[in-house]
Amino acid sequence: MDEERSGWFIYSFVARGTMVLAEYTEFTGNFPAIAAHCLQKLPSSNSKFAYSCDQHIFNFLVHDGYAYCVVAKESAPKHVSVAFLERLKADFKKRYGGGKADTAAAKSLNKEFGPVIKEHMQYIIDHAEEIEKLVKVKAQVSEIKSIMLDNIDKAIDRGEKINDLQEKTTDLHNQAQDFKKKGQRVRKKMWLQNMKVKLVVLGILLILVLIIWVSVCHGFNCTKDHN
């Protein structure tokens with residue numbers, strides 16, 4: 001399963017209009033050309049699009065004049081590709097929004113943002129299960145909201161009392177809060193997992209430094225008495 005996930009994302013880029021500013025891939029093929037061709041046909045309005053070609057899905061997110069693209073294998077779940085594009089957009093806007101990106105030349109951000117694209121790919125792949133849980137929670141909230149609103153409409157048609165409608169609205173709010181808390185717990189778990197990895201890496205580095213120190217100094221005292 002991990003090997004399959006590692007190959008989900010093939011190619012990704014960020015473009016201003018039809019000009020690619022940064023891109024990343026570890027593969028060779030004609031997908032950059034196909035993606036660039038699709039980019040020429042995208043509308044300027046904020047929207048999401050997906051095109052299928054040669055067992056790959058070309059996913060696009062257009063927002064405020066910028067286009068975010070990821071080419072994924074057909075085996076990659078749609079919500080995973082969408083989560084990647086949303087994460088990519090948020091980071092790009094945070095780094096360059098209203099500044100450098102507005103005047104950057106074609107592919108001029110490759111060196112500094114290309115590796116960032118790679119990091120986001122790996123993050124989404126590593127947290128695919130948590131992302132799926134969040135998507136399910138949001139879907140449940142949406143479904144419950146739709147059902148409750150439908151019940152309220154029917155209640156109004158039957159002429160039920162306002163107090164009964166208020167109780168149903170309160171129930172809807174409470175259920176939505178419950179699902180929101182579940183989503184927060186999932187995000188907190190993801191954060192804790194990341195911190196654990198960072199602490200383990202830090203601990204290994206400290207141990208390596210200590211080993212080098214002891215081996216070089218033959219102990220913990222590296223000072224020499226020159227008197």
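Any Cβ shown, glycine's included, is placed from N, Cα and C.
Record features, source TrEMBL:
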type: DOMAIN; residues: 13-117; note: domain 'Longin'
type: DOMAIN; residues: 133-193; note: domain 'V-SNARE coiled-coil homology'
type: TRANSMEM; residues: 197-216; note: transmembrane segment
Helix-strand-coil residue split for the domain 'Longin' (13-117), DSSP-based: 41 helix, 34 strand, 30 coil
Within the predicted model, mean pLDDT of the domain 'Longin' (13-117): 93
